[in-house]
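Some notes on the structure that comes next.
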Amino acid sequence: MAFSTRLASSLRPALAALHWAAPRHCRGLSTPQGSEPSLDLRGIFPPLATPFSSTQEVDYAELEGNLRRYASIPFRGLVVLGSNGEYPYLAPRERVEVVSCVRRALPRDRLLLAGSGCESTQATIELTVSMAEAGADAVLVVTPCYYRGAMTTAALVHHYTEVGDASPIPVVLYSVPANTGLDLPMEAVITLAQHPNIIGIKDSSGDITRMGLMVHKTRQEDFQVLAGSAGFLLASYAVGASGGVCALANVLGDPLCQLDHLCHKGQWQEARDLQHRLIEPNTAVTRRFGIPGMKKAMEWFGYYGGPCRAPLAPLSPTQVEELRSTFSANGWL
């Protein structure tokens, strides 16, 4: 694996030149007029749920079935092995196999972003190279957090710079303080945005002021800001975000793509009405009931949710009714 890392680093300029260029569908609000991003992230990305069987093994047949159902929804692409994919609970071998499975089933006009963040820089680089070999178009790299007290701006800039230098595919930063207890500092984001192989950030903090400042401070760079939740998608677009990686897209993909379309067309009243109906369902499948709630809701809309891996526990009957009531009250069931 160390050899693969060195080889990828030496070949990175050639690989970048040959890398497939994504089609440009519409001009995003965060891209300066007259410029085009090296890899267009504008649009909606569901962070895919990882299907498990009743014995808690990865169920590749059900994964392929969900991918067939998602094919009719105008997603910009898919995120595999994000927080909602139960990434920490998958073995390294499973992580690569899941990405390979999705790549085989995914049309080439859809981007594939794969989670590759690990606690050490070395492990992150090795998994990043493996994700590139498995067919990912870019990697999503979460902040290392186990020793969060030592994760200074300087330490994080060094970590991501090393990953960006070694990665044969573009890198997207990932800040999810609800899970890591660590916000990627603004100073680090601004510095890393200047790296030629670091092309964006998924920010799940929900701090719209922070997101707007990121857009403003990186406006001269090839760098895109993605909202990390459907609950603040419209507000993110209003301050210049390019797209969203939203757990709720696993359940309500078409409405979220419609919200994306309305915002980019400037139809703000219609967008606001739709956003209002998405806030409570989004909260239900994220902060309130988490991944078990998201997987249960998926089943009501024709997808396979299935069980989570232990120690994530299924919802109680009372919680299931509360979840269903939330979707019904907003007109989705």
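Here, residue 1 is simply the first one shown, and the rest follow in order.
Placement of Cβ uses the backbone N, Cα and C atoms for every residue, glycine included.
TrEMBL: automatically predicted annotations, no manual curation.
Now, the feature entries from TrEMBL:
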type	residues	note
ACT_SITE	Tyr174	active site, proton donor/acceptor
ACT_SITE	Lys202	active site, schiff-base intermediate with substrate
BINDING	Val245	pyruvate binding site
Count of other CB atoms lying within 10 Å of the CB belonging to Lys202 (active site, schiff-base intermediate with substrate): 28
Nearest-integer angstrom distance between the alpha carbons (Cα) of Lys202 (active site, schiff-base intermediate with substrate) and the residue listed as 'pyruvate binding site': 7
Rounded Cα-Cα span from Tyr174 (active site, proton donor/acceptor) to the residue listed as 'pyruvate binding site', Å: 11
Number of other Cβ atoms within 10 Å of the Cβ of Val245 (pyruvate binding site) across all protein chains: 29
